[in-house]
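Here is what Swiss-Prot says about this protein:
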BINDING   Asp490, Asp496  Mg(2+) binding site
COMPBIAS  700-721  compositional bias 'Basic and acidic residues'
COMPBIAS  739-748  compositional bias 'Low complexity'
COMPBIAS  751-773  compositional bias 'Basic and acidic residues'
DOMAIN    557-616  domain 'KH'
DOMAIN    626-694  domain 'S1 motif'
REGION    700-773  region 'Disordered'
Amino acid sequence: MAKETFSIEFAGRTLTVETGQVAKQANGAVVVRYGDTTVLTAATMGKMATGDFFPLQVNYEEKMYAAGKFPGGFNKREARPSTDATLTARLIDRPIRPMFAEGFRNEVQVINTVLSYDENASGRVAAMFGSSLALAISDIPFDRPIAGVEVAYIDGEYIINPTVAEKEASSLELSVAGNINAINMVESGAKELSEEVMLGALLAGHNAVKELIEFQNEIVAKVGKEKAEVELLHVDEDLKAEVIAAYNSDLQKAVQIEEKLARESATKAVKEAIISVYSAKYENDENLSIILRDLAEILEGMEHAEVRRLITEDKIRPDGRKIDEIRPLDAEIDFTPRNITHGTGLFTRGQTQALSTLTLAPMNEAQIIDGLNDEYKKRFMHHYNFPQYSVGETGRYGAPGRREIGHGALGERALEQVLPSLEEFPYAIRLVAEVLESNGSSSQASICAGTLALMAGGVPIKAPVAGIAMGLISDGTNYTVLTDIQGLEDHFGDMDFKVAGTRDGITALQMDIKISGITPEILAEALAQAKTARFQILDVIEATIAQPREELAPSAPKIDTITIPVDKIKVVIGKGGEQIDKIIAETGVKIDIDDEGLCSIFSSDQAAIDRAKEIIAELVREAKVGEIYDAKVVRIESFGAFVNLFGKQDAMVHISEMAWARTENVEDVVKLGDTVKVKIMKIDDKGRVDASMRALVEKPEGYVEPERKPRERRENGDRRKGNGNSNRGNGFDRRNNDRNNQGNKVGNHSFELRERKSHIDEEFPELSTKKPE
């Protein structure tokens, strides 16, 4: 295949697609260039059908070279995918999965590799476009193209594929995907936006999606391959009819049992009995394994059909609820002792239960994110764990999988919209949700439990957040929207539409569907039902705890802040962290300083915080002209005295500024260690401070300033040379050498006394101690 190039202008950038040049052994491959972002997508298919499910794998690989960066770590090589890469892979998987035929069982891999990265041209948009197009032009049986875009909302306007600056200004971060006819994937975080605004964003996004799909269709028409003939899994229709006729009523009775565990037990017993009958019947048949495989599919289909029939025809749900009814709710705080943990919330909805635990820490404990974008600190983390015991099973135990990462991220988006600013609450915040029981909607239970934990822990959130999962049963013509779906309705339904928010608006959306797409009318109805349900849940949460506690838990670190000038940050930190380490060692606190000069001090001991704050204040304190100090004499020279104002800030009192009367000897007025009152008279551009004692004493009546003698010109023209003060000069050189050796060490305020001495000789020649030349 020869190289082909296609281009359009889309959302303010050039979108270019190249085919036929690279990865030619894959079933389908494209290079997508969007702005300066380049993504290579390759799609491949296994030769044979495998297993009893569709093994689709979508990867999104972030190569650090794409941003001109080295990977971190000892090996300097990309390792496991980042959280963002995992979420992007899920984002692509969800809209393309429904586009494969029922019964398709060949393994399919779609690998997206980011080759160059432009932060203002979304890699996930390019990868989703490339994934669909690589499948569409290949011989892999892919039903129809999909595409996705990002949507922002600024000042009442929807913006497609916003830049970084636009994202920062936006009250909405939405990813929406679909086919030419309908939306089939939604992922969003929002700052309490109304249902109407969110629906408008979805429609604006879908209109943009249609443009991308039309572009794909043009490319497929020119370079698309003929689709391969693959074997789809079809059950024996005679066997199906036989089983339904003999056992459908038994399975219906089991499915209609309202309590989950009893229903599961009864359903399992019916299925096992049927399998036992047919295992014995076909014991000697060489196709027994195929018969049993078909039988499992038939029984699953019978259960699927009965659940949907009950809902659409009888308007009865498996647990007996009405279509828009929420399961029984319960909320509790302080599940664990407050003198140990920082805040806990236990939320129960029917047989779904989540425990969320809050931990607060200094900002230096925040997660450092180093990906294709610039490194930054992530302040808020929401982690979701789903142990197998929550559904009464045994199973894999280990690192979180894609599902757990995705559910944690959804809760994070929902809750971060109501968190106080860093200035208001300078803590790193971690919530961990442990799913203790699950019968559907556990991610939304984790959001409700997280709200309880935040409020119980004293985090001043703007408003409580609740989440609800909406479902859909549709036959293509008629549909039913379900409120608060349970596991069976999720498994056999067509949609899982999660909506989280406050009383003022939506903070997060996530939608997965198993059909090709849903209409705006269904979305509007689902959002309206979700709002009603959300308010009911908020009633229960607010009845448990109406407002965030005013005090943190006794176990939580206390905090105080002090804002320091940006140019003083290095003073507090010190060379190699020497100064800040000294403060920490002396007081036992933790200190975090951001780039704006906000210094946060953490400790469980308020006295330690106060002491550290005092030390920092002294380090960054600056003398100002006109201020008066009780200063200690720390060094005496023939031309004046050096006094300490505070901390390491010294000032010089010239001999002429000690008294109104002429002073012949400095020590006639002050002694080393004396405390004297001085007034700041001048601060030069190098930060050297001149002070006066006599300025605080009333000038004697008839006082006349002594006449200044003109300065004699020296032949060599350099007032710093000569023999008059060699001994003292050498002493000054030692101080200056010390200063140079220390570099920029924080807090070193030693004076370059030789220059100061020359300055005095020049302005007050009558006081000069230099020998005449």
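Our numbering is plain: 1 for the first residue shown, then up by one each step along the chain.
Cβ atoms are placed via backbone N, Cα and C, with glycine included.
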Summarise the model's confidence over the domain 'S1 motif' (626-694) as a mean pLDDT value.
93
Per DSSP, what is the residue tally for the domain 'S1 motif' (626-694) in helix, strand and coil?
7 helix, 36 strand, 26 coil
Give the three-state DSSP assignment (helix, strand or coil) for Asp490 (Mg(2+) binding site).
helix
Tell me whether Asp496 (Mg(2+) binding site) sits in a helix, a strand or coil according to DSSP.
strand
